[in-house]
Amino acid sequence: MTKLLVLLLTLLGSPVVAGGAAAQEAPLVADLSDREIEVSTGFTGADLLVFGATEAAIGPGGDEILVVVRGPTRPVVVRRKVRVLGVLWVNGPSARFSGVPGFYAIAGTRPAWQILPEQERQNNGLGLDALPLSSTGARSPNFRAALLALEKESGLWLEDAATVEIGANRLFHVRVPLPATVPTGDYKVEVLLVRSRRIHARQELEFRVDRVGVADRIATVAQAQPLVYGVVCVLLAAFAGWFGSVLFRRG
Amino acid sequence: MQVYLPIAEMSADAFLLVGIGFGVGWLSGLFGVGGGFLLTPLLILIGIPSAVAVASGANQTLGASVSGLIAQWRRGNVDAKMGGVLLAGGLLGSFAGVQLFALLRRIGQVDTAVSLFYVVVLGTVGVLMVMESARAIMRRRRAVRRRLHAHYWMHGLPLKARFRKSRLYISVIPPALVGFGIGVLSAVMGVGGGFMLVPAMIYLIGMPTAVVIGTSLFQVVFVAANVTLLQALQVGSVDLLLTMLLLGGGVAGAQFGAAMGTRLRGEETRALLGLMVLGVAASLLWGLVRPPGNLFSLGPAL
């Protein structure tokens, strides 16, 4: 926390030290608490703090801040269960969505739809209903709605789950919760400064979610050398079984 | 204590997993089966993706069966020749089963298929076991001796071989077919197949009970090893950490179960096991026929 405080103070102080010119060139400065989220075997989720300062006052009547976090994209399939033979529920029609972010969070001093015109919001993909998702397969809009609902339920898609807090008129920060199921990869954070219903300034930041330690080694070997991994699994399980029987026979 | 499972890509309670391992290990020690048929549904129930549950279940079964096999081998209760024939079928079967599993996963029917397989197989086996043990309990009261095994069409098949430990002179086709079937189910259901193999060996092949457990463990160990390897290669869904946590509880539980099992009579044990198998089948069937809470589900595109 002290590290954060120092960072905040430095951010706030730097334009002053650098002189008036720098302050005019940067209406917005922002940073992240972590550039690397480490997923170890003890990982139960993490909080990412996005914070920064603006040149002009933010808050009611002034500028507004929007923070968007986007995770790596992957294709997903949404399936709908149907009843067959009058009794069984099995997966029926499906829709395949490409480019679905594995994590998406948007937060603002106020919800995006309140501070930006609809067209602007859609163009920039600000909000769950503005995500550019293209699908193949089943046509029904229910599939898109279901995707949104399921991702929200899993805690991987967040819309205005937290608000961007304002401190001392020019400081802002927001805590973005990353659940334990957060996918690994490169993440992009976009901080937007909205002035009179237009995006006035933006800053892009990046961070990575990486597996580390045992979890990383297991996943890497399993992916890169599945044969070695399979043999190791077989041998370790056999050894554990044998060792257990020896241990408990003595005891 | 939460622990992150690297292949399942989720975190789960380590104590819960060790506890499940212990409970299943206890029952498997008690009944002399691997316990995979309980483990895989339990894992799916606590939210482990079914592909991971099936693959890791097979891996766990391997570990759990090794200690049993060592003990049985020492007592000379393993018919290695019969085990070899069963195994030859089993390896082919598990290869076919993993292909089937990968196909089901591609078309998005893996959850339904795994549940359906469980309902049909466990339902059948459970009913047969309960009926048989009920009859055995009755027979014990009436004290009628039965023949070693009946002779029927199966004994007319070619490729006969002598199985000395089993005191049988029969064709290798039935055991190889039994092995193949168990191999397929083992790959799709993540079980070792002991609960199906044991009755099949007694009633279909006609082996004496003394060598049945040891020989089935022999087959289960190698088929489970093959399934683990193939699943790791083709589907990439074996979670080593999950397996180790389950085994940690499992090997301890199995020892307690085995100690208790010696105090129970064979027929009663079989009846209990049969009822348990039926219970699992019924709960999975309910999962298939109950109107789902959410019609939609999300999965990775393959």
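Using N, Cα and C of the backbone, Cβ positions are placed for all residues, glycine too.
Because the structure is a prediction, the values reported are computed rather than measured.
Here TrEMBL flags B:12-38, B:83-104, B:116-138, B:168-189, B:201-228, B:240-259, B:271-289 as transmembrane segment.
Annotation: stretch B:12-38 has the most Cβ pairs under 8 Å to the transmembrane segment (B:271-289), among B:12-38, B:83-104, B:201-228, B:240-259. With pairs at least 6 apart in sequence, the transmembrane segment (B:168-189) and the transmembrane segment (B:240-259) have fewer than 3 Cβ pairs within the 8 Å limit; the two do not touch. Tertiary neighbourhood of the transmembrane segment (B:116-138): same-chain residues 37, 40-41, 185, 188-189, 195-196, 199, 203, 266-268, 270-271, 273-278, 280-282, 284-285, 288, selected by CB-CB distance under 8 Å and a gap of 6+ residues from either end. Sequence-distant contacts of the transmembrane segment (B:201-228) (same chain, at least 6 residues past either end, Cβ-Cβ under 8 Å): 32, 34, 36, 55, 58-59, 61-62, 65-66, 68-69, 72-73, 75, 77-80, 82-83, 86-87, 90-91, 93-95, 97-98, 132, 148-150, 154, 163, 165-168, 170, 174-175, 178-179, 182-183, 186-187, 190, 192-194, 238, 266.
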